[in-house]
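Now, the feature entries from Swiss-Prot:
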type     : residues                               : note
ACT_SITE : GLU205                                 : active site, proton donor
ACT_SITE : LYS338                                 : active site, proton acceptor
BINDING  : GLN163, LYS338, ARG367, SER368, LYS389 : (2R)-2-phosphoglycerate binding site
BINDING  : ASP242, GLU286, ASP313                 : Mg(2+) binding site
Amino acid sequence: MSSIIDIFAREILDSRGNPTVEVEVELDSGAVGRAAVPSGASTGAFEAVELRDGDKSRYLGKGVLKAVQNVNDIIAPELIGMEAQDQVAIDKAMIELDGTPNKSKLGANAILGVSLAVAKAAAEECGLPLYQYIGGVNAKTLPVPMMNILNGGKHADNNVDIQEFMIMPVGAPNFREALRMCSEVYHNLKNVLHSKGLSTTVGDEGGFAPNLTSNEEAIQVILEAIEKAGYVPGEDIVLALDPASTELYKEDGKYHFEGEGIVRTPEEMVDFWEQLVNKYPIVSIEDGLAEEDWNGWKLLTERLGKKIQLVGDDLFVTNTQRLSKGISMGVANSILIKLNQIGTLTETLDAIEMAKRAGYTAVVSHRSGETEDSTIADLVVGVNAGQIKTGAPARTDRVVKYNQLLRIEEALGSTAQYLGKNAFYNIKK
């Protein structure tokens, strides 16, 4: 066992050029852990609070010097001397120190940076890779990538309403081949778009961001790219969508697809998703309805919950209270896991545990504003989640996670598992 002797935070930049928090934790053994905190664009109203300075003369108000100061002046003195391996006690101490339900006093970005850096330092102290420190001897499942290759909504400056169009290589024998398949489709998609005279600039998460005639056209160009890469849609590679519907939901209680000029009621949204699922090989829809449209979610789950994966992101915000409500209402069948939505490693693990016990899947995810930190790669293997969302095979802030997963698969050798279609263990195949 080794105790914490130093905690230090600094302001660094994320992949969008905005400031974020990085924390280093040192133990008396000399072990050091470093973690950087991500930041979202389409954030749920119920997420833990990311503390920003608000000083318009610095970084347009997005500085994080307050959060950095909170780590250095408030959190560090409280935690120095604590055992690094006592993650639960450390996270609990920070939650109590903050004293608010949404971490708005110290900032979830301050607290999470410390929480993850402590775990990394403790893993180094134990001589274990982070995934094994988190998950123990049974951490062996490599995730199916849910790879975002075409961007719209808040992740791109185009007329496509649906935020993410993703591919999932369920027919791959292992993670390495899964990544290759996705990369090949990505490059073929670039050629398909180019041949149609469409833009191949990329969005925040590395996916292409062309202007298209409809959201459905996005699906069609991806299917064309899958076939051109030599794969069979629906067998080798399936599709997943993240419409980020909270962003489409307006005060009139309807969903506004401004790119297409269409307005839909919650019932019409459910009909729309059902039509797409019946027409295309879509196996997962994330945030198909808005974060507070519980009745719409209930209807969506009744109609499609046995057939496809329905992921709650803004709906659940990695929060056990929100998830518990969803489970009791029979809403959705999967939770998206974003570390910075809740703000500590312990609470993140609690949400994953609750989801699994209820028969919900868990999909570990990046944010649109990322860094070179690859913690989520270790987390997804550590908890055997089986699915990861971490963007396109482009932009180093995305690729760093995939490369870490390649290293983990290599280290696990013959014990590594890749679930493919079995990652969706709670729906009928």
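Residue 1 is the first one shown; counting continues down the chain.
The backbone N, Cα and C atoms fix where each Cβ goes, and this holds for glycine too.
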Entries of GLU205, LYS338, ARG367, SER368, LYS389 which, being recorded positions, have CA atoms within 10 angstroms of ASP242 (Mg(2+) binding site): none
Output field, Mg(2+) shell: CB within 8 Å of site CB centroid, site ASP242, GLU286, ASP313 dropped: GLN163, GLU164, PRO243, ALA244, ILE285, ASP287, VAL311, ASP314, LEU336, LYS389
For SER368 ((2R)-2-phosphoglycerate binding site), the one of GLU205, GLU286, ASP313, LYS338 that lies nearest, given that the recorded positions are compared by Cα: GLU205
Conformational class of the residue listed as 'active site, proton acceptor' under the three-state DSSP mapping: coil
Proximal residue to GLU205 (active site, proton donor) among recorded positions GLN163, GLU286, LYS338 (C-alpha distance): GLN163
Close recorded positions near ASP313 (Mg(2+) binding site), where close means Cα within 10 Å, chosen from GLN163, LYS338, ARG367, LYS389: LYS338
Cα-to-Cα gap, LYS338 (active site, proton acceptor) vs LYS389 ((2R)-2-phosphoglycerate binding site), nearest whole Å: 10
Helix, strand or coil at ASP242 (Mg(2+) binding site) [DSSP, three-state]: strand
Alpha-carbon distance [GLU286 (Mg(2+) binding site); ARG367 ((2R)-2-phosphoglycerate binding site)] in Å: 14
DSSP three-state assignment for SER368 ((2R)-2-phosphoglycerate binding site): coil
Pairwise Cα distance for GLN163 ((2R)-2-phosphoglycerate binding site)/GLU286 (Mg(2+) binding site) [Å, integer]: 10
Close in space, distant in sequence - GLU286 (Mg(2+) binding site), Cβ under 8 Å, 6 or more apart: GLU164, ALA240, LEU241, ASP242, PRO243, ALA244, VAL311, GLY312, ASP313, LEU336, VAL363
